[in-house]
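Below: the structure, in structure tokens.
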Amino acid sequence: MDQTSEMYHYEGLGTTVVHPLGALMLLACGLSFVLCPRKYAVWPLLILVFFVSARQCIAIGGFNLYFIRFFVVFFAPLRMVMQGERIRMTSIDWCVVAYGITYLLTGIINWDLSLVMLKMRLGFVLEIVILYLVIRSVIQTKEDVDSVINGIAIMAFPLAFFFLLEYQTGRNVFAIFGGIPEMTLMRDGKMRCQGAFAHPILAGVTWAAFMPLLMYRAKERGIFKPMSIAPMIAACVIIATTTSSTPILGLAVGIVGTMLFPLRRFTGLAFAGVGLCLVVLHFMMKGPVWHLITRIDITAGNSSWHRYVLVDGFITHWDEWWFMGSRVGSAHWGHFAFDTSNQFVATGLQGGIVLLALLLAIIILAIRNAGRISEVYPLLGWVLGVAVFVQCFSFIGVSIFGQMHFTWALSLAMVSGLSSATAMIRKQSLQRVEYSGREEWESSYG
């Protein structure tokens, strides 16, 4: 069953699937989120996302409130009332809201208020927009961002243990929560571990995106200290046990991107150079430049040809989706093309050129704002930008679903929250300079 069909299937069921341990963890994480200080508020979400499968669900009125949706609908408003936290909206925030509204409207227009489609798109709006705004509300300072990174580092240890256990035994202990297989997936005789994640690639891409943040933490704490290096090793263990090309490539991009920090002044020139090379290659090659995707062969049995078919079909069948998305899907583009494992392709099919443009705008704004953060916090701003870029690079091989909604929302929220904070710092610094200059002038000529 492909991702879209599986989503239709589950959204249409409207049935409760709750394990007692899952319910206990939801309650504990929810109450912790409501009551804990702001800098630790993301930690309960990290626990819920990393250690409870996305299939745990409480159905209300036929609407599937998966645990992460239940969390943002019931616990987030409680925290907002009790803690009084508000958001100072940024350009990224407004783009995310516009993305969610466009996603919902194109679904309604294309599918004539189909109940299953409406439930599915409303559910995704909760995960795309509301989850993002919830995380954004509790990430407002550098201290908040540093605390999130520390939480990720701590979670890496138990998660790596469970992935190693799954790799050695071939059984996934998180299968008790449902929605994931008890027996570990195999491809060409190799284990593809996934833990509580909906798919091995999601687990790998998530931790590939976190690697730049862990490298930043190690640099700040002392690169040769064991507790600085250990979380990075744990993240590599998680990625390696997924046995997937996309996360391994993402890890390489994250590590190389972080190490290029001393050359950050040449970022614009590097992007322009890569773009120019791709244009030249496109006219020199026998096939289109996106045919290079088929050359990617990191793990045995990878799906690089399938990724090429998706991109090629997306470009050659542009007339099917550009206006407000596609009603015919992508199955007729080629073998296995119904599985839209490419976020850019999936976005175009779901909402047309407007939705795709909004996604690109979010990415551009996130990277640009990361650059502005670098003016105040050079290394932190750089690694936040690299973390976003790793996910964008991985979008060629995976679309956002399951726990990756959280990973993407968290990355954007850290950039948006810290860019807002650094803008205030720059403004206050400018005001102090102006005030100091005025005082000096008055003392000299007053």
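Yeah, the Cβs are placed from backbone N, Cα and C, and that goes for glycine too.
Remember, TrEMBL labels are computer predictions, not curated facts.
Through the fold, the transmembrane segment (12-35) approaches residues 41, 43-45, 47-48, 51-53, 55-59, 61-64, 67, 70-71, 74-76, 78-79, 82, 116, 119, 176-179 of its own chain, all at least 6 residues removed from its boundaries and within a Cβ separation under 8 Å. What TrEMBL lists as transmembrane segment is 12-35 (among others).
Listed as Cβ neighbours of the transmembrane segment (89-109) (distance under 8 Å, sequence separation of 6 or more from its ends, same chain) are residues 117-118, 120-122, 124-125, 128-129, 132-133, 136, 324-325, 350-352, 354-355, 358-359, 361-362, 365-366, 369, 412, 415-416, 419-420. According to TrEMBL, the transmembrane segment annotation covers 89-109 (among others).
The transmembrane segment annotation in TrEMBL covers 115-135 (among others).
If you look up TrEMBL, you'll see 147-165 (among others) marked as transmembrane segment. Outside the transmembrane segment (147-165) by six or more residues, the chain places 39-40, 42-43, 46-47, 50-51, 139, 173-174, 193, 195, 203, 207, 210, 213-214, 216-217, 230-231, 233-235, 237-238, 241-242, 410, 414 with a CB less than 8 A from a CB of the stretch.
Annotation source TrEMBL lists transmembrane segment at 196-216 (among others).
Under the heading transmembrane segment, TrEMBL lists 228-260 (among others).
Taken from TrEMBL, the feature transmembrane segment applies to 266-284 (among others). Counting only same-chain residues 6+ beyond the ends of the transmembrane segment (266-284), those with a CB under 8 A from a CB of the stretch are 292, 371.
A Cβ distance under 8 Å defines the sequence-distant neighbours of the transmembrane segment (344-367), meaning residues of its chain 6+ beyond its ends; these are 91-92, 95-96, 98-99, 102-103, 106-107, 310-311, 314, 321-326, 329-330, 385, 388-389, 392, 395-396, 399-400, 411-412, 415-416. If you look up TrEMBL, you'll see 344-367 (among others) marked as transmembrane segment.
Tertiary proximity for the transmembrane segment (379-400) is limited to same-chain residues at least six positions away from its ends with a CB under 8 Å from its CB atoms, namely 3, 142, 145, 199, 201-202, 205, 208-213, 215-216, 219-220, 245-247, 249-250, 253-254, 257-258, 261, 264, 293, 303, 307, 311, 340-346, 363, 366-367, 370-373, 407-408, 411-412, 414-415, 418, 422. What TrEMBL records for 379-400 (among others) is transmembrane segment.
Per TrEMBL, transmembrane segment is recorded for 406-425 (among others). Within the chain, the transmembrane segment (406-425) has long-range Cβ neighbours (under 8 A, six or more residues past its boundaries) at 42, 45, 49, 68, 88, 90, 92-93, 96, 127-128, 131-132, 135-136, 139-142, 144-145, 148, 202, 205-206, 209, 362, 366, 369-370, 372-373, 375-377, 380-381, 384-385, 387-388, 391, 400.
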